[in-house]
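Visitor: Quick one: this structure, given as structure tokens, is what I'll be asking you about.
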Amino acid sequence: MSVVDFIQAITENKFGEYVLLGALLVGVFKLTVFILSVTSLLVDLFVLPATNLKTYGAKKGKWAVITGASDGIGKEYAFQLASKGFNVVLVSRTQAKLETLASEIEAKYKVETKVVAFDASTDAEDNYKSLGDAISGLPVTVLINNVGQSHSIPVPFLETENKELQDIITINVTATLKITQTVAPVIAETVSKEKKKVRGLILTMGSFGGLLPTPYLATYSGSKSFLQAWSAALAGELQSQGVDVELVISYLVTSAMSKIRRASLSIPSPKNFVRATLNGIGRRNGAQERYATSTPYWAHALMHFGIDQTVGVYSKLANSLNLNMHKSIRARALKKAARLAAEKKD
């Protein structure tokens, strides 16, 4: 039976005609949604102008709190927010690095700074008290939850050292939540006092490791996936208080954590990644199907959108590809470690 004969047979039956019409309407609907998603993606990435950070108090004497501020992406957030006219509270582990960075920012951008030495791996209440004391009375409108840790190399979950496991959970999850509980009330109070003439902003750094379940990075992957759900839930809670909450998803960025030194089209420098993030606040970019989430860097956005529209983030195929990739990375890392150990003996 040809396709024409099949369709003719269906249309001769009223029920079959309705089924065919229903299938056609579903197809048209899905195609329309896809076209709208692609259009929104391209407009977000390449058409809309940069977000005006005056919405969040830039050049109005307001403060931004940045965690993990002494290196990499966190340091770049500090530079770029200061360049936009925010005073900055720099939060990181090493006091000396923080003081050097604060002096550089004050000299270059003529803004005020404060530093808070904070070891996020310890979960010590003194840390949160020190942070709370530092921001008490300040008109804080922005929090950048940047502090984070991954595995030293890809590792099977059953072979993960207890300290590494505990540090990842404490830094990525516990510290992020407690820091937000410390800072968010100050942001909400500032917005309220300003009668919502400015808005508050909480950006939390996510990862493709949280977007896609990632074998051999199971603990890190789980911690970032947790942040994804938590951040979206928090966005719903704080919206009525004039505070925008957004999870920022990235693939690889040149940094100490990724161990990648050279930038490329798909792997931006911290400077380019942070610029894309700040320019695109409030837009989903590659995260077209996710609430209060953005994948801002254009190459990462296209990758995210492509995965969502094809294999899906939770598919067996995506999991298998991730497994094989990280097995290979682990094998190379172990081989390199063995070579360096042998050279050291010689």
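Here the Cβ of each residue, glycine as well, is placed from N, Cα and C on the backbone.
Checked Swiss-Prot, it gives:
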type: TRANSMEM; residues: 19-39; note: transmembrane segment
type: BINDING; residues: Val65, Asp119, Asn146, Tyr220, Lys224, Val253, Ser255; note: NADP(+) binding site
type: ACT_SITE; residues: Tyr220; note: active site, proton donor
type: ACT_SITE; residues: Lys224; note: active site, lowers pKa of active site Tyr
Visitor: Can you check which residues sit near Tyr220 (NADP(+) binding site), meaning Cβ under 8 Å from its Cβ, same chain, 6 or more apart in sequence, and list them in order?
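Guide: Looking at Cβ-Cβ distances below 8 Å from Tyr220 (NADP(+) binding site), excluding near sequence neighbours, one finds Gln149, Ser150, His151, Ile168, Asn172, Ser207, Gly209, Thr214.
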Visitor: Around the Cβ of Lys224 (NADP(+) binding site), how many other Cβ atoms lie within 10 Å? Please give the count over every shown protein chain.
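Guide: Step by step: centre on the Cβ of Lys224 (NADP(+) binding site), count other Cβ atoms within 10 Å, giving 27.
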Visitor: Of all the Cα pairs drawn from Val65, Asp119, Asn146, Tyr220, Lys224, Val253, Ser255, the residues the record ties to NADP(+), which distance is largest, in Å?
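Guide: Between the outermost Cα atoms of Val65, Asp119, Asn146, Tyr220, Lys224, Val253, Ser255, the distance is 24 Å.
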Visitor: In this structure, which of the binding-site residues Val65, Asp119, Asn146, Val253, Ser255 has the fewest other Cβ atoms within 10 Å of its Cβ?
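Guide: Lowest Cβ count within 10 Å among the binding-site residues (Val65, Asp119, Asn146, Val253, Ser255) is Asp119.
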Visitor: Kindly assign Val65 (NADP(+) binding site) to one of the three DSSP-derived states: helix, strand or coil.
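Guide: The three-state answer is strand.
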Visitor: Where does Tyr220 (NADP(+) binding site) sit in DSSP terms: helix, strand, or coil?
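Guide: Assignment for Tyr220 (NADP(+) binding site) reads helix.
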